[in-house]
Amino acid sequence: MNIEHITGYASKHLGPENETFAYGTAGFRMLASKLDPVVFRVGILAGLRSKALGGKTIGVMITASHNPPKDNGIKIVDPFGEMLEQSWEAISTKLANSHDSESLISTIKEIVESQKIDWSAPSNVVVARDSRESGPKLLASTIDGLKAIGASFKDFGQLTTPQLHYLTRCFNDSSFGKPDEEGYYEKLILSYSKIMELWGVTDDISITVDAANGIGADQILKLQKYFEQHVKFTLVNGSSDVPSALNSDCGADFVKTNQKLPSGIPDFEPLKLYSSFDGDADRVVFYYLNKEGTFRLLDGDKIATLLASFISSLLSKLDGKSFKLGIVQTAYANGSSSNYITNVLKLPLGVTATGVKHLHHKAQSYDIGVYFEANGHGTVLFSDNFVEALEAQDFTPGTEQYKAASTLRLLVDLINQTVGDSIADLLAVLVALRLGDSKTPEEWDSNYTDLPNRLLKALVKDRNQFKTTDAERKLVEPVGLQSEIDEIVAEYPGGRSFVRASGTEDAVRIYAEANTIEDTNELASRVSKLLEKY
Ligand SMILES: CC(=O)N[C@H]1[C@@H](OP(=O)(O)O)O[C@H](CO)[C@@H](O)[C@@H]1O
Ligand SMILES: [Mg+2]
């Protein structure tokens, strides 16, 4: 270890005396102006993580997703494109809070020792950033961290978060795809086109994409260049070069939270499908205006049920072979969607804590695990066993069985196996709509009717005092608060409400749903009132 080399770089990135950073659900995320020392240390950490895994490639993504333009963030991606292993979150937190050179060196030594890192092991890292104005400077500081410990790195410039996950996986698993941006588009287009050819579809599908004025806009334009037929994208809110426009009155988070149309779409046409990405293009939601001109949201819950129904219908054609298909949601899933999954689709339903890593993990317990957060972040995971079984199938070409098995195999390539991906999920939804039972936005929407719901935020003195159990649906602390919530909920037919501390903001979230809008609003506001004393 060349200590002087490290401290030389570190002297340019000293941390603040009185600030504590924590690696949370989405890595480190905060005001961009505070991030420089953090990203430098994450650069070092990514290099160490790679060394600890014998030189496997690690990903680093600089993004703050749907947050306002003045924020930024950074997260680490593990070799298979998954979120950083949990035990390393604490290690990252420790390193991020080693503010001066001396503590930085001693923490690095501590990590090397506790993780039994061979300092001479190779270290490979791929880095990318979204379109935020603060990105280039933070990327340079991250690279300083990598250089400080002599890690090899490749800078991919501007990418969506799921593209960086894809690349990280490709570098460690060449069967996953070509490790460059082009390879990402090619894989999507090839699998999408083959599915359509298999089903004899020759017409183009049109879809409007609100790209939240983020990186998704640039990538949709690139995709369209490769995609000469099959899908015609109309891009709105595509100004990724206007920093202040990012996520402003548009994008998936705006649409889901406000349950209304984003700005920036001229001439809304009724009964036509629209979609919105978030700022780093790992979430997508859909919507349309019904005949009465009312806004109808098709969120993550609706995406999960649409994809699961389609996959289930394909599975039913593989006669004789049975595979376990399951859906994973969080407590924020609409109660109607959970009922529909259990009572109509009759599929196993898993519920986990908020945060994609929890859903992803649970989804891996099925042959095919569909997971989506209500906000539109999710994907479908196909197990190795299932893929092997599909590849070994010997159905006769031209038969229904062959078509179903081949479609399933192509879906494995179309749907991003590493993480939720706006672009891949959008294409998968277009496939399911074109080839499945629900053809139009209205038909899709009619599978079940969402219960009215409200999501509120409360600022409290210390959100860490809110401790939950039962996939965050019940509070254990502060003692007594849960029974107060239960008493109120019991007064509302179809009522459900829960309170939990956010993992990404210094706030407590309150969720409520009930049979009517009036009841939902009243329930949400009464539960919020209970929090005033905290
Ligand atoms: C209610 C809600 O939407 N929560 C979001 C939000 O988490 P919180 O822990 O609720 O702040 O950010 C997470 C990271 O982006 C996302 O996974 C999650 O779904
Ligand atoms: Mg995002």
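Glycine too: its Cβ is placed from the backbone N, Cα and C atoms.
S65 is the only one of S65, S87, S483, S497 that TrEMBL places in the Mg(2+) site (with D278, D280, D282). Rounded to a whole number, the distance between the Cα atoms of D280 (Mg(2+) binding site) and A501 (substrate binding site) is 24 Å. Checking the recorded positions (S65, E373, G503, R509) against D278 (Mg(2+) binding site) with a 10 Å Cα-Cα cut-off leaves S65. Binding-site extent for substrate: residues E373, A374, N375, R500, A501, S502, G503, T504, R509, maximum pairwise Cα distance 17 Å (rounded to the nearest whole number). Distance from the CA of S65 (active site, phosphoserine intermediate) to the CA of R509 (substrate binding site) is 19 Å. Here the CA atom of S65 (active site, phosphoserine intermediate) lies 8 Å from the CA atom of D282 (Mg(2+) binding site). When the Cα of D280 (Mg(2+) binding site) is compared against those of the binding-site residues E373, N375, G503, the shortest separation belongs to N375.
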